[in-house]
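Heads up: the structure comes next, in structure tokens.
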């Protein structure tokens, strides 16, 4: 979108806000926020939401980012490029909230089941009361599932809106033949949204869609980011998770292995930087901390690979067992006593092909009888 047009619209809002005031019934007036004030409040809400996400305070993050999303739409209009950040982080918070609700739904359900069992053993509970309790618990569980579905759906809608904004911006930049840096920046934003949509698909059980979104994100990242980027490693892990969730363990092993390769490349890169010497103490500390973090992370990745290899082997063993069982069943059937006609029919698949029915030999037609009589008369005359 045109930046100059945005600035012009902002100037109009500032004039309207400073020149007009709403009169209340008591005779007092209240001044509206200027665009600058709203933008400052928006930045504060975004910062607060991101801080809450970092410390895993999802409820607080969701509240701040929900308000930020609403405010950004009020300032710039819906689907404006400047609303992207609010939508992206709000979608992230809502997705985490949906995951939490899904976990909570499983936990209390198990607890209630145990409580009901204890209640069923107590003498002071009648069968009627137990039946009512089970009905109420079932209704509550259904309501919780609906809430979980609503949150999951909301997170998808928010992230999909952000994806559309990024895609439209990239298309506009390419049409304008803008600088490559701006196009790459928005491509990476698109990749970030696609990664979250991939996570959403995994959480929602839509593994094929998750794989497609993550694969698109990976292609963008590999074109823009260095091969040692940890963002690429993260996407590899998520694709591996999508494959594992869909029981494609051979592919899971491959993607987890690629994750390890990227992390090793990053380790090598950091070691070279430190060996060459880093004058900036803060930068050196960052490199050392990241290197330590990667070293601590590596055993977990190797364990994931080992688990995937084990799962792939189990699937292969199961396939072999099913095949052997089927072959054994076929052999048992072959050894069963059969009539001679049945044996011939079983070995002759030609009976499966439909043919026109033949007339019975012992039932000649009238024409055949007449013809036969004439032949006999001819023979007699000879």
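Just so it is clear, glycine is given a Cβ too, placed from its N, Cα and C backbone atoms.
Here Swiss-Prot gives region 'Disordered' for one range in the set 103-151, 152-200: that range is 103-151.
Feature coiled coil, per Swiss-Prot, maps to range 264-304 of the set 264-304, 305-345. Within the same chain, residues 35, 82-83, 85-87, 89-90, 92-94, 96-97, 100, 158 sit at least 6 positions outside the repeat 'TPR 1' (42-75) and bring their C-beta atoms closer than 8 Å to a C-beta of that stretch.
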